[in-house]
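Participant: Taken from Swiss-Prot, the feature Mg(2+) binding site applies to Asp489, Asp495, supported by sequence analysis. Residues annotated as domain 'KH' in Swiss-Prot: 556-615. Residues annotated as domain 'S1 motif' in Swiss-Prot: 625-693.
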Amino acid sequence: MKIFREVFELGNKEIILETGGMARQADGSVTVSCGNNVVLVTTVVKKSVADGTDFFPLSVHYLEKTYAAGKIPGGFLRREGRPSEEQILISRLIDRSIRPSFPDGFFNEIQIVATVLSYDGAFSPDILALIGASASLAISGAPYDDVVAGVRVGYTNGKYILNPNKQDLRDSDLDLVVSGTDDAILMVESEANSLPESVMLGGILYAHKHLKTIINSINRLAKVASKPRIEYSIYQINKFLKSQIKSQFFGEIKNAYTIASKQERNLKLNAIRKNVLEYIFSSDVDGNEYTEKEILEAFHDIEKDLVRSNILEGKPRIDGRCTETIRPINVKIGVLPGVHGSALFTRGETQALVVTTLGSDRDAQLVESLDGIEKCRYMLHYNFPPYSVGECGMVGMAPKRREIGHANLAKRATQAVFPNEEAYPYVVRVVSEILESNGSSSMATVCGSSLSMMDAGVPIAEPVAGIAMGLIKDGAKYAVLSDILGDEDHLGDMDFKVAGTRYGVTALQMDIKIKGISREILEQALEQARVGRLHILGIMNEVIKEHKEAVSDVAPQIHVMNINPAKIKDVVGRGGATVKGIVEKTGAQIDTSDSGEVKVFAKDKKSMDMAVAMIEEIVAEVEEGQVYKGKIVKLLDSGVFVNLLGSQDGYLPFSEIEQAGMKTNSLVEGQGLEVLVQNIDRGGRVKLSLVAR
């Protein structure tokens, strides 16, 4: 067993790459270690293309084992179940980073599995998994020449932090992950606290310059441990077939791409495709040698060339816009009468119905991870039904990876403006239903979420808007597109999503289909996105620019009380009897804390007020010189104990009773008396006198 090892430093932390010791049946196997974190990453490459495959079947699976943190899984089976949303998001992050590095037309299946074997809690293992995925690919024999690396960057007190730990990130205004090759940026994922575009760009460039160290280490490992390059073929469009279709149908295709409506354009293009198939199969140009798949791929290549060349030549885009124009926007709030908050955001042919629901602490999501169980007060879910693109399909299934990814992006975009628990005790769930989609539905979700929460009375710090930018690049010529359509996303080279407030960026996500982009393009895209974002915010602000002061009449009510911690036991009562009685009488939910915090959550104001009044009566403090109506709770030889407020009793001597002209032999337990608090001693004992009738 021969072990190969590479060691490098990243942010003053030593990282070790090692191969040859584990999982030797895989084509590529690398363990990545940093401190007590260990991630095993394997790559398996199929040596032939499966029949009928017309895409690159790359799959990435990031898995966390609970034993890595010295824990036993919960649940009846006591074993790991399906991957959590966080694990799915990390899988997507790795996939998006490495996918652009493979040659176009490479259709061999590749599966990458990253398994967290040991975890110390200080650093997230995601960057180690990304580095390991690249290293295992580099030694697997796959056609992976442009080695990719990734780093995380934070930003605190005006300084960038390389490879920040979890504590650093809690204090950071930025959580930025950048991946790329030695000379190009391929993927960006970030969450920020309304930072200027210049800081975001600086963070991306700062991250990129530190990739070289990692890439050099991977290359050194590959030089000594790589398997022979597999034999593979690259699928290519048949140029002769493409020329035949273009010579006969280019005019019709060109006219179809002047139709602004997506549905009408697709109807026209489908009719042309049908005619193309009939022509090729019935003509004398060796049409019968071609499959339907080959013909349609050649047709698609003509479409791609047409759309891209039009934009690069300065001609109008598919829907007639110039590169910087935003589609028409329509904003409505309060569109659903029975919900707590709602908004309908429409941008061109993309439409999101976003609904906000308010709940109590008991509605918070409990998220289990290697760090333990965390309470999540803000949830955002994204649904993409098939009818949104005019198709039939599966409905009501578990969310797909894309839906999870879009929801996470929208949540990260709005997280920076979401109020903390002290300022806003509600738990909030936001759901985005995509009713129509023609590009940038995740950014429509960002806008709709901001509007919906303001409609529900959630005190977000600032409205947030999002915009998707695109890129068409051919050699030195390029065009940056604002507010891209679905076809422009599909046929273009970049999907660059930017969300933020009027003050700066809160989230940024970039995916590249080509071999990276330059600083100049990044700067232009960020500036163009800033202008577009402010335009969208202006339209949103015309409808609502700050949260409503009161929640909806149909929304639940919540009230937070801070009482003397010693009084919590009085509110709860023996065996919980007192609090249960309040709940039964009012229908409210009551949560208490040893710190003295009491949360009252009720379906309406009447129930809440009743519960609050009952609690206030229990915890009220008696004061000297005040008169109270009490009840006798205990008879003694020398006097009686009278209950005043809640569990507070006072002592009333017989002498005081007789002095007031009342006979002591007529007193019984439960009898009402009006008494005056004469004094309260240092021990809290209360002495009473009887108020004369």
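Each residue, glycine too, has its Cβ placed from N, Cα and C.
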Participant: If you count Cβ atoms within 10 Å of each one, which of the binding-site residues Asp489, Asp495 comes out on top?
Facilitator: Asp495
Participant: For the domain 'S1 motif' (625-693), what are the DSSP-based totals of helix, strand and coil residues?
Facilitator: 9 helix, 36 strand, 24 coil
Participant: Could you count the residues of the domain 'KH' (556-615) that DSSP puts in helix, in strand and in coil?
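Facilitator: Taking the domain 'KH' (556-615) as a whole: 32 helix, 16 strand, 12 coil.
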Participant: Helix, strand or coil for Asp495 (Mg(2+) binding site)? Use DSSP.
Facilitator: strand
